[in-house]
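J.: Take a look at this one; I'll ask things after.
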C-alpha cells in the first residue's frame, strides 16, 4: 500500500488522503480516508423547494386580498401538487412506511419532508469522520483520462452510502419539482403578468425562482442521463460543461415558455389543444414503442408490487417524462421493457427530430401570435421579439451541440458524435451532387485531417491503444453509411 495524492493528479478531489494499490487482476483499489462530500445538491433542492413554496403561498394570500380567484386557484394547485408528489417520492425511495418513524411521516404530512431529509443529511455529514467505520460495499468504475481507461475500486463506507441515497432521492425530487410544479407555475405567472399589464414584485420573485428550479431540474436530467447511460464509468464533469449545460437549458426553457405564453395571450383556447397534443404524444410514445416491441413489463420496479401497481408507477413515470419533453429535451428515452426503464443507446436521429420539430412548433406559435396579437403589444416591436426568440432557441441548440462535441465527459466513447453526423450529411449531399454531374462516385470524406474517430465500444478504447490503425478509408466509408442507416432507423 502506498500513499498517493489522487486529488493533485486529476483535480477531481481536493484535500483527500487516499491509499491505492494495484491488485493482481490489474484493478486499482482506492481506499478513501477523507471526509464525505458535502450534500450540496440536497441543500440546493431543499432551498428551491422551500423558496418556491413560501413565495407561492405569499402570492396566493395577495391574490386572495385582491379577489383574483382564478390566479389564486391555479397557483395553489401548482404549489400543492408537486409538494405532495415529492413527499410520496421521498417516502417511497427511503421505504419509511415499513419503519417506525412517526415524526418523519408526520412531517411529510405537513409537506416538510425535504426539510427533515436535508437536516438528516447534514447531521450525517457533520458526524462523518469522527470515528473510523468499516466499508460496506465496493464500487468498481472505469476512470477515463486522456482517452485511456483505468478500472478502479472504491471502498464505500456506511456514511457515504447513506449520503448517496439522499443525493439520489433529491435528484428525483428536483426533477418532479421542476416539471410538475415550476414549469406550469412560471407559465401561469407570466401569463397573469401580461394579462394584468403590470409587474407584481412577489410574482416576479416567484418567476425567477421557478426559472432557476426548472434550469436546475433540466441540468439534473442531463447528468442523470449520462450516469445511467455510462454506469460503468466514473463521471467527471468540468465547470465548462456545467456552464454550457446551464446556458443551453436556460435558453431552451425560457424561449419555450415565452412562446407558449405569447401564443396563449392571442389564442387562449387553442393553447389547451397544443398542450394536450404535446402531453398525450409524449405520454403514449413509450407505450406505443413497448407494444410495437411486444415486450413484457419490467418486474424490478419493486419486489412486492403487483401488475397493477407496476402499471401505475410506470404511468406516473411516463407522465413525468411527457411533462419534461413539453418544455425541453429529456435527454433520455424510455424503454419500459428494460430493467432500468431507460434506453442506453444515444439516438442522434431522435435528438435531431425533437429539436427540429420543436423549432418549427415555436416558430408557428410565435407567428400566429404575431398575426393575432392584442393591442397591448402596440408599443412592442413585435418583429424584433419574434427574431429574438428564434435566435435564442437557435443559440440553445448551438450550446447543446457544443456540449456533446467538446464538453461531454464520455464523448470519446460515442460511436458517432456531432461532427460525424454533420460531416456525414453534408458530404453525403455533396457526393450525390458530384455523382449526378460527373457520373462517377465521389471520394469519401474520411481523408479529412480534422476527422476524429471515436471508439465504438469502451473495450476497444482500451485494447487498441498503440496498435497500428487499419485502412481508415474503407472503415470510415462504411461508417458514413452506418451513420445514415442509424439516423434513418431512429427516425
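Cβ coordinates come from backbone N, Cα and C, glycine included.
Here the structure is a predicted model, which means the values were calculated and not measured.
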J.: What range among 105-126, 127-148 does TrEMBL record as transmembrane segment?
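T.: Result: 105-126 is the stretch TrEMBL calls transmembrane segment.
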J.: Which one of 154-178, 179-203, 204-228, 229-253 shows up in TrEMBL as transmembrane segment?
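T.: When 154-178, 179-203, 204-228, 229-253 are checked in TrEMBL, transmembrane segment belongs to 204-228.
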J.: Given a Cβ distance threshold of under 8 angstroms, which distant residues of the chain, six or more beyond its ends, lie next to the transmembrane segment (352-372)?
T.: 255-256, 259-260, 262-263, 265-267, 274, 325, 329, 382-383, 386, 389-390, 393-394, 397, 400, 421, 487, 490-491
J.: At a C-beta cut-off of under 8 Å, are there same-chain residues at least 6 beyond the transmembrane segment (204-228) that contact it? List them, or none.
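T.: Sequence-remote neighbours of the transmembrane segment (204-228) are 44-45, 48, 51-52, 55-56, 59, 171, 174-175, 177-179, 181-183, 185-186, 189-190, 193, 235, 237, 242, 245-246, 249-250, 252-254, 324, 327-328, 330-332, 340, 342, 344, 408-410.
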J.: Can you name the far-off residues of the same chain, 6+ from the ends of the transmembrane segment (269-290), with a Cβ under 8 Å from a Cβ of it?
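T.: Beyond its ends, the transmembrane segment (269-290) has Cβ neighbours at 260, 263, 318-319, 321-323, 325-326, 333-337, 365.
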